[in-house]
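Remarks on the structure that follows.
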Amino acid sequence: MGKSCVVTSSFSLLLLFLQTLKYVHAGFICYGDFFNVNYGVSRTYLFSSLPSNVVSNGGFYNASFGRDSKNNRVHVVALCRRGYEKQACKTCLEHVIEDTKSKCPRQKESFSWVTDEFDDVSCSLRYTNHSTLGKLELLPNTINPNPNSIDSKFNNMAMFSQEWIAMVNRTLEAASTAENSSVLKYYSATRTEFTQISDVYALMQCVPDLSPGNCKRCLRECVNDFQKQFWGRQGGGVSRPSCYFRWDLYPYYRAFDNVVRVPAPPPQASSTIIDYGRDEKSFQGSNIAIIVVPSVINLIIFVVLIFSWKRKQSHTIINDVFDSNNGQSMLRFDLRMIVTATNNFSLENKLGQGGFGSVYKGILPSGQEIAVKRLRKGSGQGGMEFKNEVLLLTRLQHRNLVKLLGFCNEKDEEILVYEFVPNSSLDHFIFDEEKRRVLTWDVRYTIIEGVARGLLYLHEDSQLRIIHRDLKASNILLDAEMNPKVADFGMARLFDMDETRGQTSRVVGTYGYMAPEYATYGQFSTKSDVYSFGVMLLEMISGKSNKKLEKEEEEEEEELPAFVWKRWIEGRFAEIIDPLAAPSNNISINEVMKLIHIGLLCVQEDISKRPSINSILFWLERHATITMPVPTPVAYLTRPSLSLGH
């Protein structure tokens with residue numbers, strides 16, 4: 001019975017694969033499920049301006065369009081070979097777009113890395129229903145070998161193999177060494193003199209959003225693919241979504257016009273790239289022994305070293321596991337590893353600073369990027385915030401909450417290790433006139449919805465009930481796709497599920513985002529988080545900082561909620577809306593007005609009239625006409641005489 005189920009399942013998967021993988025041809029693959037009309041419209045919209053966008057952005061461009069759904073949102077990545085001519089690049093992309101439309105009329109994903117008809121330029125185009133930005137993508141892959149055999153051209157295949165491997169290694173090292181001055185930073189073209197032939201040409205390129213280590217890995221996979229499957233051919237190309245490799249006995253893409261020839265390399269006894277023979281005819285027996293025996297010895301040494309390194313890393317990186325009272329575990333990191341990862345907490349690695357310490361970027365030995373929060377020594381409440389955040393984030397998992405990877409409490413250090421979020425925090429965008437232009441209404445709406453989902457999880461959907469107590473723009477991190485992640489749970493409070501509010505004698509947080517009942521009396525609830533959400537929402541709509549507004553209009557001591565409320569009731573809506581926000585085909589002016597309405601409902605002085613985060617998310621997700629309560633006056637706050645922490 002078990003075997004029958006396995007066979008049936010395997011056959012079903014095969015049928016599904018044959019159904020979804022509709023087209024494969026020289027450097028071109030269509031795959032995935034069939035898309036709907038909205039997905040097709042989004043794809044057409046992105047394709048319409050893609051060639052010009054690639055050229056105007058230095059040869060590499062990525063974008064996404066559509067509602068935040070795998071069924072509607074399209075992500076596209078495109079690039080040209082470095083050193084391209086602008087018109088040749090545009091023409092190449094225009095051709096591949098037309099091919100994509102005709103050969104992939106209904107499928108959600110496509111990948112191609114092709115050349116124009118004259119072999120003058122290469123370009124790559126990929127679209128998917130998920131973001132690939134910054135991710136190593138090895139599949140699908142295509143291999144296009146030269147149909148002719150190389151055996152007839154070389155008498156000594158062993159010598160050719162050694163020289164070929166040396167050339168490939170040199171090209172690979174150069175391509176995977178990032179040149180930060182160029183958008184197309186991972187690239188190398190080499191022209192090498194061989195003993196038995198005048199020139200051999202090799203070219204490698206990676207998409208520029210990879211790490212150097214991932215670029216190198218991708219290119220090695222391409223080289224190994226060719227060696228395993230088509231060794232003995234007179235050249236060929238291997239392409240993957242993240243990288244491309246080609247070698248030939250003649251120049252191509254006009255990539256070698258200004259490349260200086262490298263003299264024939266000295267013979268090598270071994271290589272870091274494994275060499276595979278195509279068949280017995282390609283090598284004589286003695287030559288096989290020359291190549292294979294050293295390779296096997298090196299492989300054994302390599303495996304032993306890797307095993308030893310892995311054992312060492314398992315003890316070095318994580319030397320303990322922290323168990324919370326509820327049986328949850330959290331990784332404890334070694335201090336020496338964190339010091340190394342952050343370059344001894346150098347200024348170059350510093351990302352920012354908060355009330356309880358500084359945040360640094362780090363890179364683990366595995367290549368994983370991390371964010372390291374180092375709590376300030378002598379900060380008074382640092383120890384409490386440290387323990388609070390570890391205990392809470394150990395038990396919370398949500399796409400809109402920052403992920404805590406582990407901690408370190410070695411010696412007198414208290415350190416938290418998070419996933420690295422590349423686009424920093426929301427305040428770096430919303431309060432900067434240049435960066436704010438990136439925040440189209442589509443992006444702003446996505447961020448607002450994401451923060452609301454994160455709060456809903458904290459307030460209602462997790463096993464706990466948590467009040468954040470310090471929700472603000474600087475505590476909203478943005479990933480590579482500008483999706484928000486709520487961060488900084490050091491001040492959060494844990495409630496039992498039947499509790500609805502609490503009171504504290506130690507008021508902590510950021511003035512301007514605090515609900516009036518919390519700032520004045522220390523009373524907090526889910527509705528105090530809603531108030532903070534409302535202030536942040538109004539900041540995103542207006543592009544104005546609550547603090548900056550106070551300084552600009554100091555005489556009136558008018559905060560942002562009051563500023564928006566007055567103009568709302570007077571009908572002066574244009575003064576509320578950020579003039580730098582780019583228009584959107586998806587978000588109408590009515591949607592923007594709805595956002596203002598929701599923001600004002602959140603910052604009402606009467607706690608009972610503020611909506612729950614569940615209601616807010618319901619309103620945000622309904623794009624038809626909806627009925628919402630009429631907002632009542634907001635809290636008119638003046639700076640209190642009390643000091644925070646009373």
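Just so you know, glycine gets a Cβ as well, placed from its N, Cα and C.
Residues or ranges marked as active site, proton acceptor by Swiss-Prot: ASP470. Its Cβ taken as reference, ASP470 (active site, proton acceptor) is surrounded by 22 other Cβ atoms within 10 Å in the chains shown.
Remark: LEU351 (ATP binding site) has VAL359, TYR360, LYS361, ALA371, SER424 as non-local neighbours, by Cβ distance under 8 Å and separation of at least 6 in sequence. Annotation comment: Swiss-Prot describes LEU351, GLY352, GLN353, GLY354, GLY355, PHE356, GLY357, SER358, VAL359, LYS373 as ATP binding site, evidence class sequence analysis.
The annotation domain 'Gnk2-homologous 1' is assigned in Swiss-Prot to 27-132 on the grounds of sequence analysis. The average pLDDT computed for the domain 'Gnk2-homologous 1' (27-132) is 84.
What Swiss-Prot records for ASN62 (among others) is N-linked glycosylation site. Cβ environment of ASN62 (N-linked glycosylation site): HIS75, VAL76, VAL77, ALA78, LEU133, ASP209 lie under 8 Å away, each six or more residues apart in the same chain. ASN62 (N-linked glycosylation site) falls within a strand when secondary structure is assigned with DSSP.
Look at Swiss-Prot and you will find ASN129 (among others) tagged as N-linked glycosylation site. A sphere of 10 angstroms centred on the C-beta of ASN129 (N-linked glycosylation site) encloses 21 other C-beta atoms.
The annotation N-linked glycosylation site is assigned in Swiss-Prot to ASN169 (among others) on the grounds of sequence analysis. Following the DSSP three-state reduction, the secondary structure of ASN169 (N-linked glycosylation site) is helix.
Annotation comment: Swiss-Prot describes ASN180 (among others) as N-linked glycosylation site.
Summarising the annotation, Swiss-Prot assigns phosphotyrosine to TYR418 (among others) and lists similarity to another entry as the type of evidence. Sequence-distant contacts of TYR418 (phosphotyrosine), defined as residues of its own chain at least six apart whose C-beta falls under 8 angstroms from its C-beta, comprise ILE370, ALA371, VAL372, LYS373, VAL402, LYS403, LEU404, LEU405, ALA487.
As annotated by Swiss-Prot, phosphoserine applies to SER474, with the evidence given as similarity to another entry. A C-beta separation below 8 Å, combined with a sequence spacing of at least six in one chain, links SER474 (phosphoserine) to GLY354, SER425, LEU426, ASP427.
Annotation note: THR510 (phosphothreonine) sits in a coil segment as assigned by DSSP. The Cβ of THR510 (phosphothreonine) has ASP470, LYS472 as same-chain neighbours under 8 Å, each 6 or more residues away in sequence. For THR510, the entry in Swiss-Prot reads phosphothreonine.
Taken from Swiss-Prot, the feature phosphotyrosine covers TYR518 (among others). In the three-state DSSP classification, TYR518 (phosphotyrosine) falls within a helix.
Per Swiss-Prot, topological domain 'Extracellular' is recorded for 27-287, and the stated evidence type is sequence analysis.
What Swiss-Prot records for 288-308 is transmembrane segment, and it gives sequence analysis as the kind of evidence.
Across the structure, TYR518 (phosphotyrosine) and ASN169 (N-linked glycosylation site) are spaced 63 Å apart at their Cα atoms. In this structure the C-alpha atoms belonging to GLY357 (ATP binding site) and ASN129 (N-linked glycosylation site) are separated by 39 Å.
Under the three-state DSSP scheme, ASP470 (active site, proton acceptor) falls in the coil class. When the domain 'Gnk2-homologous 1' (27-132) is classified with DSSP, helix, strand and coil residues number 37 helix, 36 strand, 33 coil. When Cβ atoms from all protein chains are considered, those within 10 Å of VAL359 (ATP binding site) total 21, not counting its own. Straight-line distance linking the Cα atoms of ASN169 (N-linked glycosylation site) and ASN129 (N-linked glycosylation site), rounded to a whole number, equals 35 Å.
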